[in-house]
Structure formats: C-alpha cells, structure tokens
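Trainee: Input: one structure, supplied below.
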Amino acid sequence: GFFQSYAVEVDVKDASNATCLYAKWMMRFLIKYETNSSDYKNTTLHLSSSVTHNGSVCGNDTQAALLAVQFGEGHSWSINFTKTNETYQGDFITFTYNTNDTAVFPDAKRKGPVTIVVKDIMHPVQLNNVFVCHNTDFVEAENVTQIFWNVTVQAFVQNGTISKKESRCRADTPTSAPTVPPTIANVTTASTTTLSPAPTTAPKPVENPDTGNYSLKSGNKTCLLATVGLQLNVSRDKPLLININPKTTSADGTCGNTTATLKLNDGNSTLISF
C-alpha cells in the first residue's frame, strides 16, 4: 500500500513570543521487530498528519535547545542542539516507537515503548545561519533506520527572525547526484551512496583498545558479564578511530527473561548499546 509522508514544521517561541527555534523537515523510519513466532519483520513508520511539539525548548548559552515532536499512537522524536560562541549543531537524537501500535507493528512480541538514542551527524553550522539539506540522509542504530530529507532548521534564532543565510549540506552541492528516500528494499544501496570516498592515504595506526570488564545486576545477582575491548571506526570527512577507555566508561542496562541490554557511556558523549 501507499503511505503518505507528511512534512513537519515547528516554530518554537520564547517568552516574548519571538521565534527562537525553527525547523521544517520530512522523515520516516524503517524498523525491524520481533514477532510472537520469534521471526523478524520489517515495517515503515511514517509521520501522521497530526504532530505536536510539546516539550520543545529555546535554549541559551548554558542550556541546550530541544526540538521534540509526538505523533501517531505513542511515537516521539527529538533532537537537542548545543552552541559555541560561533556555531551550533545537533547533539543527540532520541526516538521512541510504541509497538502497541498494532497497525504498524502487527503481532509484535515486545509490547510498549522502545527508545533509542544516537549521536547526530550534523556538522557545526554558523550562528545566524539556517541549515538546509534537501537530499536524503539517514542514521542507523538498533534495528532502526531514521530517514530525513527536505530539512530546514535553525537553532538559537537571533532577534526572532529566521536567517536568509544558508549553510547547505554537502549532498546538496551541484556535483552531487540527487537521492531518493530509501525503502526497506533499497536502504543498503542508499547507504552506500552517502558514504564519503575512501581516503587516498592510510590513517595513522591506533593502538588496540584496553579491555574492560562490564557487568549488570538484577537484584543481588549478576545477570550479564562482558569482557571486551572496543574501538569505533567513524567514516566522515576523514576516518576517525576512537578507543573506548574502560577506566572512564560506565555500564548501565537491564536484564530480562529473554533479552538483556548493556549500555556503555564513556563520559565523552559516546553511547554504545548492545
């Protein structure tokens, strides 16, 4: 069947009724979930025609701005923005989908809200500039692909007026071929078209990460043990290798009868969830 994707427009006002945070964009979500028969299904979650933006915050020099929307049967999405003296950028994206929505998640084994938090991939934008990206971008984590296109956003708006100065994403440059919002069938192809070219020189070698010991308790009993060294390989403008330091990394999470979740926080804005 055909599902309509709606554009979202949010205009957050401050106490003087002046615009402080503005965004207009389109998005949808590809989600893999487990059914009662223990197999996995793919589904697509679209925005509904009715979207609220409760909890959105203007932000200031000491507080992050927050763009938050709620839609459908208990689904929500938000992104917070931080700023320096000269730039602002997205920080973390939080997405919650509700598997009690049987129209989207028929026969789902797990019932209720599921929340994932991912680091935003938006590059810093000059203050008093509006960020524009018409081409498709997406973020993948925990069986969810978040897809965005036709994005216009400005955080920390000055004097209540949306800027006429634009900062365009690289995908919108004239040399870039237009992309199509991916579907479940073509998301792998779409992902390969948005990756940066391989570097012509090999990155500087990075030592192997230190091994950390992480554990979770359920009551007084240990329910999960992990001994692991972790290294992240991030492909952006330049390859970036990050070793997770177990001395500064804390473990959190939950253990259930059939599933367990281990969440690691290195105290430096890196969150990893297993």
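Cβ from N, Cα, C; glycine included.
Annotations in TrEMBL come from automatic prediction, not curation.
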Trainee: Looking at 190-210, 253-273, which one does TrEMBL call region 'Disordered'?
Mentor: 190-210
Trainee: When you check TrEMBL, which of Cys58, Cys169 turns out to share a disulphide bond with Cys133?
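Mentor: TrEMBL lists the disulfide between Cys133 and Cys169.
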Trainee: Output the one of Cys133, Cys169 that, of all these disulfide-bonded residues, has the highest number of other Cβ atoms within 10 Å of its Cβ.
Mentor: Cys133
